[in-house]
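K.L.:
The following block contains the structure, expressed as structure tokens.
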Amino acid sequence: MYIKFTKSHQKLLQYQIIKKYTFKEKMMTTFVSFNINGLRARPHQLEAIRDILGADIIGLQETKVHDALFPVNMVQDLGYHVEFFGQKSHYGVALASKIAPTFVQKGFPFGHDDAQRRLIHARYNFDGRSIDVLNGYFPQGENRSHEIKFPMKREFYADLNRYIDELQADGRELIIMGDMNISPEDIDVGIGAANVKRWLAKGTCSFLPEERAWYQTLMSTGLTDTYRLFYPKSHDEFSWFDYRSRGFEDTPKRGLRIDHILCTDTLKNDCVAAGISYDIRAMDKPSDHAPIWAKFNL
């Protein structure tokens, strides 16, 4: 049987070989972000993230389950501690980790009633080094003309910037992951020129100029896109593929890179690999997103 590996999968295999012989003094930690689009519907994909990617910390978005019904045992049986913040049918986030966090914040610590449960923040200790992980399901926005959803997206980015400023003022090192619902550059858009023109003309969200401005403001707080550290010019790998148009099955694949793992600049030299897992997206009954991952020498 012939298996074709993506660039990021090749990078993962190279890393696993290198790992065997180097970095003995520190722990290699794999962070994964995945919009699972219904946790209880896709335990097979969560298990694959453990088995294929060797995930140490997993940020899940769109868990779509109320806290009282969260499948704690399912996650624990995979070997993870889990913190979650969710609601019935929509939204919801969780952090699964091989080590228990020392601190957990659910939602922003200011000014919200958490009607939409979109953010969870946990602090982890790696051999004396404290790392804060923020996992978010960012509002999609729908369209710039939408009177509620578009301003909500703008506000979420503004609130996140405020929260990051507060954490960095305390000297925190950050990893920020999630479905951010923005394609930062044209090379992150793979839906064809005609569709790009149509989306922009209609004001459809994902790569509108104002959205990219919000994203750049976020990055200006001193953050690095871990994927672009290793693939600065890649234009043919994406993290979201529309079910209806079957963009994942096409050759070349049609999708958007809207899921990101960002880190503060103090961590970027510790990032040794990053990528997008197409093999997990190719499973039966998948989410419309592919998991993304980044490995750090911590």
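In case you wondered, yes, glycine gets a Cβ from its N, Cα and C as well.
TrEMBL feature annotations, pasted as is:
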type	residues	note
BINDING	ASN35, GLU62, ASP179, ASN181, ASP288, HIS289	Mg(2+) binding site
ACT_SITE	TYR137	active site
ACT_SITE	ASP179	active site, proton donor/acceptor
SITE	ASN181	site 'Transition state stabilizer'
ACT_SITE	HIS289	active site, proton acceptor
SITE	HIS289	site 'Interaction with DNA substrate'
K.L.:
Show which residues of the chain containing ASN35 (Mg(2+) binding site), separated from it by at least 6 in sequence, have their CB under 8 Å from its CB.
P.N.:
LEU60, GLN61, GLU62, TYR137, GLY178, ASP179, TRP240, ASP259, SER287, ASP288, HIS289
K.L.:
Determine which residues of this chain, when ASN35, GLU62, ASP179, ASN181, ASP288, HIS289 are set aside, have a Cβ within 8 Å of the centroid of the Mg(2+) site's Cβ atoms, and list them as they appear in the sequence.
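P.N.:
Those within range, site residues removed, are ASN37, GLN61, TYR137, SER239, TRP240, ILE258, ASP259, SER287.
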K.L.:
Near ASN181 (Mg(2+) binding site), which residues of its own chain have a C-beta under 8 A away, given they sit six or more steps off in sequence?
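P.N.:
Sequence-distant Cβ neighbours: PHE138, PRO139, GLN140, GLY141, LYS153, CYS205, SER206, ILE258.
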K.L.:
Counting all other Cβ atoms within 10 Å across every protein chain shown, which of the binding-site residues GLU62, ASP179, ASP288 scores highest?
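P.N.:
Answer by Cβ density within 10 Å: ASP179.
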K.L.:
Ten-angstrom check, please: count other Cβ atoms within 10 Å of the Cβ of HIS289 (Mg(2+) binding site), all chains counted.
P.N.:
26
K.L.:
What is the total of other Cβ atoms whose distance to the Cβ of TYR137 (active site) is within 10 Å?
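P.N.:
Around the Cβ of TYR137 (active site), 27 other Cβ atoms lie within 10 Å.
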